[in-house]
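Only one structure is covered here, and it is reproduced in the block below.
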Amino acid sequence: MGEAVYPVPAEWAQNALVDEARYQDMYRQSVDDPEGFWAEHGKRIDWIRPFTKVKNTSFHEADFGIRWFEDGTLNLAANCLDRHLAERGDEIAILWEPDSPDEAHREITYRQLHADVCRFANLLKAKGVQKGERVTIYLPMVPEAAVAMLACARIGAIHSIVFAGFSPDALAGRITDCDSRIVLTSDEGLRGGRKVPLKANVDEALKQCPGVDTVIMLRRTGADVDFVEGRDIDWATAVAEQSADCQPEEMNAEDPLFILYTSGSTGKPKGVLHTTGGYSVWASMTHQYVFDYRPGQIYWCAADIGWVTGHSYVVYGPLMNGATTVMFEGVPNFPDASRFWQVVDKFKVEIFYGAPTALRALMREGDEWVKKTSRASLRLLGSVGEPINPEAWEWYHKVVGDSRCPIVDTWWQTETGGAMITPLPGATALKPGSASRPFFGVKPALVDNDGTFLEGATDGCLVVTDSWPGQMRTVWGDHERFFQTYFTTFKGLYFTGDGCRRDEDGYYWITGRIDDVINVSGHRMGTAEIESALVAHPKVAEAAVVGMPHDIKGQGIYAFVTCNAEIEPDDLLRKELIQWVRHEIGPIATPDVIQFAPGLPKTRSGKIMRRILRKIGENDVSNLGDTSTLADPSVVDNLLANRPQLAGA
C-alpha cells in the first residue's frame, strides 16, 4: 500500500519563500559549495566584526574540530533586540499566556524587552557575573525566563537552563557539573493548576552545591518560601535599582552561548555546548525558512524553555527574525482539552509548532474540543520532539488544520541546534509520518552496522557526513566524551543515534533510537540514568530499563528490577520505586511498568542482553533471536511467564 502524499497547495508554491525549484538550487549550492553558501547566508545576522573565515571543520580524529565564522564577532542579544528597535520597537516581541485563562496575559514590546534585558544584565554584572561564567536558570515558562537568557547572552555569560520539572538531585548534578555559582528561580511554578515548589527544590539542591553564593528569586505566586539572608535576592526589587542601558559584549563566533544537559546512553547527562555565531545563523535561518516566517505573523512554539526547542524556537530564532512569539505557561488539557486552540483564537496564531505526545493526548479526548474553536487564523502547523505517527498526523491536518494547513514535521536534536530534516511548506509534498528532506547544508546518509553507506530505498543508521553551523561544539568539561559519543561509532561521520528509513523518493522516515535512549513524550531519557536511580535504592540489587510502545507518550519506560536477596517484592515496593525515581530524576522519568524478576538475562561474560529485554518490553516475544549465549535460559522463561498484562500490549 502506497503512503498518502499531500502535494504543495498552489498558493503556497506561488507565495512561499522557497518553492521546489529554489529548494533544489539552494540545497545543491549548500552541499556543493558550503563555503560560498554560508558566506552569503551567514550575513543574515548582524556582525560587529564581519567574518572572513567560513567553515573550518573535520569529523576525523587526526584533525577533529568544528569552527564556523571563527574570526567574526557579534552579540546574540543585540541580534534579538537592538537591531529591531528602530523599525519595530513598539511591536510585540512576546505574547505571554498564563497557566490559568482567568489570569491576564502579558504583551511585551521589543523596546520593553530590551529595557528588561539590560536591567537584568546589569544586575548579573552587579553580582560579579563575568563573561564565560555559567548561570543556572530553573524557571517556569514566564517572560522573565527569556529575559534571563538574553541577559546572559548580552554580557557573555553562559546559561544552563534546567527544566523546571527536574528534581532537586537532578538540578544539583547540573549545577555542580558546570560549576555555577548563581541560580535564577521562582518561588513556585504553575502548571495545569498545580503549584511546583521551585524555590524549595533549589534550597534542597543547594545542600549539595556549596559553591552557589547567589539565588535570584522571581515571585510568581507570592508563596511564603524560605529566604536565605545574604544569598537570596528578590528579583523585582533588585532589577528596579538597575539602569536600562547595558552595552552588549562583543563575542567571538566560537565563544560559548549555552549549555543544555541531555540524556545519553551512559549514566550522567551530558552538557551539550552551543557557541554564538553558528548557532545564531542556524536558529534564525531554520526558523524563517521552515515556518515560512514573515514579520508581523503571530508564531507559537508550544515547547518549554527547559528543552532545546524552547531555546531555538520560542526565544532565539523568532526574536532574531523580529517575530511575535507566544510563550505559554500551561498545559494542553487544563482547564480542558480545548486550551491550545482557545489560545490560537485569542492571539490569532498563524503558525503553531507542537509535540506529537500532546497531539495524541488531545486526539484521544475527541474532535469536539477542537471544533468548538475557530482556528481560522492558522496557516501552518509543525511537529517536533519525536516521529509523529501517520494517524496523529492525519488528525492534526484534518481536524486541527481543517485540511488546509501544511505540516512541517521536523527532525533534529539538542546536539544539532535546530531543524535538520524537514519539509519546507512551499516546496515539499508531504507524507504523513516522514520528516521528508534535509535542510540546506545538511548531508544525511544511511549506513549499516559496519559503517558501509547504503544507497537508494533502505533502512539503516542515520548519520550526517559533514558539519553545519548549528552543530554543538563539545560536551561541557569532557571533549573526549563528545568525540567518543558522536564520531567513533562510524569513523568520520556524526552518528545521530537514530534509525531511519529512506524511501524511493529520497524522503527520510525516523524509526527511533538505536542506542540506549528512550524518547518519552519527545524528551530523551537515558536508560542508564534511570537504572542508576533504581539501583541507588537500598532494596534493589540490579535494574535494566528499556522502552515500550505507549499510545500517548510514544515510548514508555519499562523497568526490570532484581531485589536484594532478603526482599520480597510487592506492589508497595513497586509504588515506592516509582516515587523514588521521580524524586531522583523528576516526573518525566516515571517508570510505566516495573517487572520484578529473580534475575536478568546475561551472557556468560556477565553482560545484560538488552535486546531480549527490549523484545519483552515491546511484547514482541515470538522471536527472541539467538539466545545461545545466555548463561541461564530459565531467567528469560521467568520474565516471559511473569510479564504484566498491559492494556493494548
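Glycine too: its Cβ is placed from the backbone N, Cα and C atoms.
What Swiss-Prot records for ARG191, GLY192, GLY193, ARG194, THR309, ASN333, SER521, ARG582 is CoA binding site, and it gives sequence analysis as the kind of evidence. Residues or ranges marked as ATP binding site by Swiss-Prot: GLY385, GLU386, PRO387, ASP409, THR410, TRP411, TRP412, GLN413, THR414, ASP498, ARG513, ARG524. Residues annotated as Mg(2+) binding site in Swiss-Prot: VAL535, HIS537, VAL540. Positions annotated as N6-acetyllysine by Swiss-Prot, on the basis of sequence analysis: LYS607.
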How many other Cβ atoms sit within 10 Å of the Cβ of ARG194 (CoA binding site)? 11
Rounding to whole Å, the Cα atoms of THR410 (ATP binding site) and VAL535 (Mg(2+) binding site) are apart by 36
Taking Cα-Cα distance, which of the recorded positions GLY192, ASN333, ARG513, SER521, LYS607 are within 10 Å of VAL535 (Mg(2+) binding site)? none
Cβ atoms within 10 Å, counted per site: which of GLY192, GLY193, GLY385 has the most, among these binding-site residues? GLY385
Find the shortest Cα-Cα separation between ARG582 (CoA binding site) and the recorded positions TRP412, HIS537, LYS607, and name the residue that gives it. HIS537
Alpha-carbon distance [GLY385 (ATP binding site); SER521 (CoA binding site)] in Å: 8
Report the residues of the chain - excluding VAL535, HIS537, VAL540 - with C-beta within 8 Å of the mean position of the site's C-beta atoms, for the recorded Mg(2+) site, in sequence order. ALA533, LEU534, ALA536, PRO538, LYS539, ALA541, GLU542, ALA543, VAL561, LEU577, TRP580
Cα-Cα separation of THR414 (ATP binding site) and HIS537 (Mg(2+) binding site), in Å? 30
Write down the Cα-Cα distance for ASN333 (CoA binding site) and HIS537 (Mg(2+) binding site), rounded and given in Å. 34
How big is the gap, in Å, between the Cα of ARG513 (ATP binding site) and that of ASN333 (CoA binding site), rounded to a whole number? 28
Rank aside, I only need the closest one: which of the recorded positions GLY192, GLY193, GLY385, TRP412, LYS607 has its C-alpha nearest to that of VAL540 (Mg(2+) binding site)? LYS607
Whole-number Å value for how far TRP412 (ATP binding site) lies from ASN333 (CoA binding site) (Cα to Cα): 26
